[in-house]
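> Sharing the feature lines straight out of Swiss-Prot:
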REGION    1-270  region 'Amidoligase domain'
BINDING   Ser14, Leu15, Gly16, Lys17, Gly18, Ile19, Asp71  ATP binding site
DOMAIN    295-547  domain 'Glutamine amidotransferase type-1'
ACT_SITE  Cys383  active site, nucleophile
ACT_SITE  His520  active site
ACT_SITE  Glu522  active site
Amino acid sequence: MTKFVFVTGGVVSSLGKGIASASLAAILESRGLKVTLIKLDPYLNVDPGTMSPFQHGEVFVTNDGAETDLDLGHYERFVETRMRKANNFTTGQIYKSVLEKERRGDYLGKTVQVIPHVTNEIQDFVKRGAGWGTPDAVDVAIVEIGGTVGDIESLPFLEAVRQMSLKLGPNNSAFVHLSYVPWIAAAGELKTKPTQHTAKQLREIGIQADALLCRADRPIPKEEREKISLFSNVPDWAVISMWDVDTIYKVPRMLHEQGLDGLICDKLRLSTPPANLKRWDDLVYETAHPQGDVNIVMVGKYVELSDSYKSLNEAIRHAGMKNHVRVKIDYIDSETITPDNVTQLAKFDAILVPGGFGIRGVEGKICAARFARENKVPYLGICLGMQVATIEFARHVAGLKDANSTEFDPSSPNPVIALITEWKDADGSIKTRDENSDLGGTMRLGAQSSDVVKGTLAHKIYGDVVTERHRHRYEANVHFLDTLRKAGLVISAFTQREHLTEIVELPQSVHPWFMGVQFHPEFNSTPWAGHPLFIAFIKAALDHQAAGKALKAVA
């Protein structure tokens, strides 16, 4: 039977529940257990797909086309299990499901209430995410509850997991609570009172934590941990210090050395081999011992919040490790880039233009793509980054004056990028939309395969077929492809059903490394394997750097 670990948070948000949950899952997986993770988000949005990146950060897309919380990206990078739609749900989804059941008459005329109907629905969703009662059932499901204890929004979730723990019976569930222990500089000490209070709030709800993870900017001394233990009704050996580290890949070892996985296995009566964290140790060693540095610039619309590009940042770092270098990423707001100042990009070894929505900052991205093309700087455009590269090429090489996307200029005489009206979804179903369709849930989403043209840079990287995850509404307009090809643009991958453009590039005889992809390869990168596209991109940046040094040496 599947056992559950419920992870809650207190005092403040953004303490790292996702990293803590993923790290615990990684340790349990190293013990030979089949593990999955589920994220419960207490907001009323059906999913984060229409939320601003400045508010929510990145929207992580699963293979089956779910737009989910960025924590699912952490989960996939830490464990072998691939996340699905069932691994993330929101209050909006819960209420939507409950109201649909009420309309169908499923409740047989009863008054529909938060308890038991909403709480039962939450429990059903959690079990579905764990594959409960199916051949896909896991040994342990780690359930992360978003928000903080004390929030009104979180109460139905906390009540649901309290009830679920009771129904599961002894030794089938455990509670891990993450709290904050601030360092007060004026007093010169760590303060445990916030953690004492949040543990008390949790008990008032009816939940007793089995382990407390105490976040601080430094290791918490034994005396403070004993004090927390006394006032939180948690054994001192279950009060675990979680301090700031220079890489998140140190966290599994940190938690293991303090016995968190042993505590959980004892609580759940799980008999397993010892944890084997060698690959984590090797990973940390690799990050700490680079053989060089490479500098890339990301020209984006949401650079004020680095979480907006979380998976992309990680994918670049993974590729750096595979090339044995440390990648330094500079972020430049595309709104600030103009033809007059675009030469500031010359100091970088490569240029990356990520995805985005809306017209703001687009001309700056087009300037960046033009600079990379004309100055033979390695360029990788992702989603919108591929589209702006296509627009730039159309304007300045193919002679299509005023070329644009219908997203930015619906009346453009040369709409080289246009709205997709029909496509095959990740589940194989045919989807349609038009300009009047809702924004939410109407994009081309999830993993889809494309055929790669032989003799191209894309084929060197991917081989015959590329399967990547998508999240977009607009595509290269098929009516302009012949014109673009004749001007020298290489269309190196097409979708298998609709023959939509998936990858564009320049011939290596013209540019050493210039590529735009319509999909989001960052969602498939892991610290163990990296990702072939990003590995090739960083290698190109290194080659560009070496060529620049050689020119300076000659001069």
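Positions of Cβ are set from backbone N, Cα and C atoms, glycine also.
Walk me through the surroundings of each of these features.
Per-residue pLDDT, averaged across the region 'Amidoligase domain' (1-270), gives 95.
Spatially close to Gly18 (ATP binding site) yet at least six residues away along the chain are Lys39, Asp69, Leu70, Asp71, His74, Tyr75, Glu144, judged by Cβ distances under 8 angstroms.
The DSSP secondary structure for Cys383 (active site, nucleophile) is coil. Here the Cβ of Cys383 (active site, nucleophile) has 22 other Cβ atoms within 10 Å, regardless of which shown protein chain they belong to.
A coil conformation is recorded for His520 (active site) in the three-state DSSP classification, outside any helix or strand. Sequence-distant neighbours of His520 (active site) (same chain, 6+ apart, CB under 8 A from its CB) are Val61, Ser311, Gly355, Ile382, Cys383, Glu468, Arg469, His470, Arg471.
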> What does the structure give for the C-alpha distance between Leu15 (ATP binding site) and Glu522 (active site)? Integer Å is fine.
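The Cα atom of Leu15 (ATP binding site) is 24 Å away from the Cα atom of Glu522 (active site).
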> Roughly how many Å separate the Cα of Lys17 (ATP binding site) from that of Glu522 (active site), to the nearest whole number?
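Taking the Cα atoms only, Lys17 (ATP binding site) lies 22 Å from Glu522 (active site).
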> For the recorded ATP site formed by Ser14, Leu15, Gly16, Lys17, Gly18, Ile19, Asp71, which further same-chain residues have Cβ atoms within 8 Å of the site's Cβ center?
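Apart from Ser14, Leu15, Gly16, Lys17, Gly18, Ile19, Asp71, the close residues are Gly9, Ala20, Ser21, His74, Glu144, Leu178.
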> Please report the Cα separation of Glu522 (active site) and Ile19 (ATP binding site) in Å, rounded to an integer.
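A Cα-Cα distance of 18 Å.
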> Including all protein chains shown, what's the count of other C-beta atoms within 10 A of the C-beta of Leu15 (ATP binding site)?
19
> Mind giving me a neighbour count for Glu522 (active site)? Other Cβ atoms within 10 Å of its Cβ, every protein chain shown.
27
> With H, G and I counted as helix, E and B as strand and the rest as coil, say where DSSP puts Asp71 (ATP binding site).
helix
